[in-house]
Amino acid sequence: MTDCVFITGATSGFGRAAAHRFAAAGWSLVLTGRRLERLEALKEELQGRVPVHIIALDVRDSDVVDAAVAALPEGFTRVRTLLNNAGLALAPQSAQHTDRSDWHTMIDTNVTGLVNVTHALLPTLIDVGEGATIVNVGSIAGQWPYPGSHVYGASKAFVKQFSYNLRCDLLGTGVRVTDLAPGIAETEFTLVRTGGDQAASDALYRGTTALTAEDIAEQMFYIATLPPHVNFNRLEVMPTRQAWSAFAIDYDA
């Protein structure tokens, strides 16, 4: 039986790259996202190589998620790997200058959405057992604070701790859980964070070498295909040209 991967946020960035990486290895694909036209285009690219099932899905709606999982067609029901990739960052300015609605949007997607999809697929993953894998896409922002990270960083800290706690609950089932925490990566993610400001997005990467979506997709595939007795609890990935910075200190003028 062909291995099957369920990818959220598959229409761009890490998710899209992961779809191509897993397809290259012959996996069946369940691809989800909110933009149906992009899902259809991606299916068109891949379906000649592997079986592809697409779902226009808002992960924030638990009823919709449950119904989508319950309705998976034959050939896509035994999900071996879940890539919880859907997520976003908004409002990179200081917390006191943000709109509360942006905070709720990040929480609803990065936390509630991830929980919804995980809960819906846990019975399937447990049934698959040994070698089944959940890859939760976190961020270095979930471990290391920086200005403008506020709710985004906190949501990714949740992803990290949820992954650890889930590992404890799933002990003995054979299901593995990894918090995959990327650093700076040049994807559409940054354009969303800057509110569509292409110049601001480009400026973040100018003069350096960021991670690519394909770099992270390769790590996703590596985690999913490790020997069944091996689990990465957390994998933090930065480009070579990124590191931590000094503490911020408020000095008198």
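Cβ coordinates come from backbone N, Cα and C, glycine included.
These come from Swiss-Prot:
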ACT_SITE  TYR152  active site, proton acceptor
BINDING   6-30  NADP(+) binding site
BINDING   SER139  substrate binding site
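Shown here: features listed in Swiss-Prot, placed on the structure.
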| residue | record | Cβ contacts under 8 Å, 6 or more apart |
| --- | --- | --- |
| PHE6 | NADP(+) binding site | VAL30, THR32, VAL79, THR81, LEU82, LEU83, VAL117, LEU121 |
| ALA10 | NADP(+) binding site | ARG16, ALA18, ALA19, LEU31, THR32, GLY33, LEU39, LEU42, ASN85 |
| PHE14 | NADP(+) binding site | ASN85, VAL137, PRO182, ALA185, THR187, ALA213, ILE216, ALA217, MET220 |
| PHE22 | NADP(+) binding site | VAL5, ILE7, LEU29, THR81, PHE221, ALA224 |
| GLY26 | NADP(+) binding site | THR2, ASP3, VAL50 |
| SER139 | substrate binding site | TYR152, GLY153, LYS156, VAL159, ALA181, PRO182 |
Count the Cβ atoms, other than its own, that fall within 10 Å of the Cβ of TYR152 (active site, proton acceptor), considering every protein chain shown.
24
Using a 10 Å radius around each Cβ and all protein chains in view, which of these binding-site residues has the most neighbours: ALA18, VAL30?
ALA18
Based on DSSP, name the secondary structure state of PHE22 (NADP(+) binding site): helix, strand or coil.
helix
